[in-house]
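Colleague: Dropping the structure in here first, questions after.
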Amino acid sequence: KGKCPEDGWDESTIELFLHELAIMDSNNFLGNCGVGEREGRVVSGLVARRHYRLIHGIGRSGDISAVQPKAAGSSLLNKLTNSVVLDIIKLAGVRTVANCFVVPMATGMSLTLCFLTLRHKRPKAKYIIWPRIDQKSCFKSMITAGFEPVVIENVLEGDELRTDLEAVEAKIKALGAENILCVHSTTSCFAPRVPDRLEELAVICANYDIPHIVNNAYGVQSSKCMHLIQQGARVGRIDAFVQSLDKNFMVPVGGAIIAGFNESFIQEISKMYPGRASASPSLDVLITLLSLGTSGYKKLLKERKEMFSYLSSELKKLADSHNERLLDTPHNPISLAMSLKNLDESNDAAVTQLGSMLFTRQVSGARVVPCGSTQTVNNYTFKGFMSHSNDYPCAYLNAASAIGIKKQDVDVFLKRLDKCLKTFRKEAKQEKSINEISDSNATTEQLED
């Protein structure tokens, strides 16, 4: 049926299935006689076993989704993977998605492929409207495609950084709709930035007849992000949305899913990919989804949500105990941020030092964001880089509840963070005492004089 099974398969069943696919490829035929330049020859048995002897990859020179006559098994693997992934995207909340395909590139390059496909539809266009998100790969995806990003600064609402819809529309009018390739919006992001106002952006795109590409990097695991995409497509225009395989399905880095609501446009993107492609990302995600089944994936999504609530409540307690606060970002369903005001005021270097301390204590993924750092990416200078704003009011620390996180991860993180913050408080007290003694000695010397 081309759908993800409800209950996961055991490993031996999956391996049997993969071996059945592999023997349909010509390189595994007993009497095969190959005289071409690409015959699926692999010299290392270890490499052959690692890929289950599915050596031919996916697609043909003109289309990554096309069937290879001498690689029936690999072609079937590709078709089934795309079909199963489509089923999971619908299950995750985008029920009207029409088509998708797995591409063996991470999110940034997959976005570039979408922009390059739009180039042929809008030959005059040179700009991409981009509500600011301080993440290099999505910015470079536009540069690599040969377009000029038009950065729209976010609006501060309470603690949250939100889409400036008025600035987006004003920039469209100023540049001219025909000169704009697309609006490039974002769902999943680091707090205090929250997902873009997708519904409103989709309506603007529909009104001005401008394509809309959504960076949904790790949004499949969030029902809120997927709901935003579904609603955006319902009330306005969303041409394609791109998501990472590793972030949403816990497989090795190197693949993404390009999906959309117009089947022919998604096919155009797949035909834009030059040459054949590695089957590894497709193989990895198919194995994973067959082992989980829809029930297993739903369970992971439910656990992630529960862990988000737990991380939020426990991080708030920790923040309160250190006279800091958990920033109020209710529109971000994955990432949280805790202020580091006291740390920032006591020592300029303390914020970045905290990041180093956490990393050396084997805490990965937590980001510390100081105030006022500047960074240049492809000749564009971002003030307050990493904070998604020129001048966010305070330094802060990020932590995320992503798919696969366990209670133990949260507990260990909070314990180590608490220790690091206590170390800073102790050092600050000692420094204060030394300063007071120094001031006292100075006063005594003045009296004696």
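Glycine too: its Cβ is placed from the backbone N, Cα and C atoms.
So TrEMBL says this about it:
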BINDING   ARG38  pyridoxal 5'-phosphate binding site
BINDING   ARG60, SER61, GLN68, ARG276  substrate binding site
BINDING   ARG234, ARG361, LYS426  tRNA binding site
MOD_RES   LYS247  N6-(pyridoxal phosphate)lysine
REGION    429-449  region 'Disordered'
COMPBIAS  435-449  compositional bias 'Polar residues'
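Context for these features, please: burial, neighbours, distances.
Modeller: Take the CB of ARG234 (tRNA binding site) and look out to 10 A: across all protein chains shown you find 13 other CB atoms.
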Colleague: Since the record lists ARG38, ARG276 as binding-site residues, which of them has the fewest other Cβ atoms within 10 Å of its Cβ?
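Modeller: If we count Cβ atoms within 10 Å for the binding-site residues ARG38, ARG276, the smallest count is at ARG38.
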Colleague: From the Cα of ARG234 (tRNA binding site) across to the Cα of SER61 (substrate binding site), what is the distance in angstrom?
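Modeller: Per the Cα atoms, SER61 (substrate binding site) and ARG234 (tRNA binding site) stand 35 Å apart.
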Colleague: Count the other Cβ atoms sitting within 10 Å of the Cβ of GLN68 (substrate binding site), across every protein chain shown.
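Modeller: Around the Cβ of GLN68 (substrate binding site), 18 other Cβ atoms lie within 10 Å.
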Colleague: Where ARG276 (substrate binding site) and LYS426 (tRNA binding site) are concerned, what is their Cα separation in Å, rounded?
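Modeller: Distance (Cα to Cα, whole Å): 59 Å.
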Colleague: Roughly how many Å separate the Cα of LYS426 (tRNA binding site) from that of ARG38 (pyridoxal 5'-phosphate binding site), to the nearest whole number?
Modeller: 65
Colleague: Provide the number of Cβ atoms within 10 Å of the Cβ of ARG361 (tRNA binding site), excluding the reference atom itself.
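Modeller: So the number of other Cβ atoms within 10 Å of ARG361 (tRNA binding site) is 14.
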